[in-house]
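Q: Next up is a structure, given as structure tokens.
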């Protein structure tokens, strides 16, 4: 066990170095081209000729942005550096979402904490307006000290949440047993920094310290290898076969976790998962959700 643990730590360090080294000197996107600032009255800013986007929060307001494009399946990466110091009560939300009463959504939310205490990474998947599929994690690094890459792989078979290329969660398509899966509604990317001190830190027991404001989160190196939907038409065509045939760079469309990635996922979930809805029998006293008891 000791040798396995040490090798996994070495692997994490290696992947992190590769990620930082690769993206540190390259601007992968132009935030002016990819995003619109949607609210915040000047608290959201695009800087460095489009290479950096920042959101800020003070006692009067937070701020947010959304993508210009809508996507239906893809591999989406963004580098984030979270609020430093005493971030109690703040939430940095980064997610994909459609609109309407039966919306679909794929969530990363980063819940702030006291200086020196770990952030909580909150994940959720909504399909047809139904969520309640939360998994929460701590991280194996300080997400406020530097930029790290947060990714969503979304294809018709599965959704994979990853951090610095290490998978932390997989949500599979279990439509065959009646579990809705997001696969028909195009989604935009949204992000916001806002005050949620009524619940975000220790269930709302610890409140935001406004003397530390403004709080700032930073974004860079956005990349979407994805199907863009414009006026109801996908850039990938109408069928999975057309995606495979005409888009050879879209291997993500049928991607799944290989044995190495499965090992990494197990490592994260064993050592850093702090909540899993699939084991919360008190919450689901009438029986766990069907995807939690299905072995695939």
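Cβ coordinates come from backbone N, Cα and C, glycine included.
Annotations per TrEMBL:
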type: SIGNAL; residues: 1-28; note: signal peptide
type: DOMAIN; residues: 2-219; note: domain 'GH16'
type: ACT_SITE; residues: 105; note: active site, nucleophile
type: ACT_SITE; residues: 109; note: active site, proton donor
type: CARBOHYD; residues: 113; note: N-linked glycosylation site
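Describe the structural context of each listed feature in the structure shown, including burial, neighbouring residues and relevant distances.
A: Non-local contacts of residue 105 (active site, nucleophile) by the CB criterion (under 8 A, 6+ apart in sequence, same chain) comprise 95, 96, 97, 98, 124, 125, 126, 131, 182, 187.
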Q: When you measure from the Cβ of residue 109 (active site, proton donor), which residues in the chain that are at least 6 apart have a Cβ under 8 Å away?
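A: Counting only residues 6 or more apart in sequence, the Cβ neighbours of residue 109 (active site, proton donor) under 8 Å are 91, 92, 93, 94, 95, 121, 122, 123, 124.
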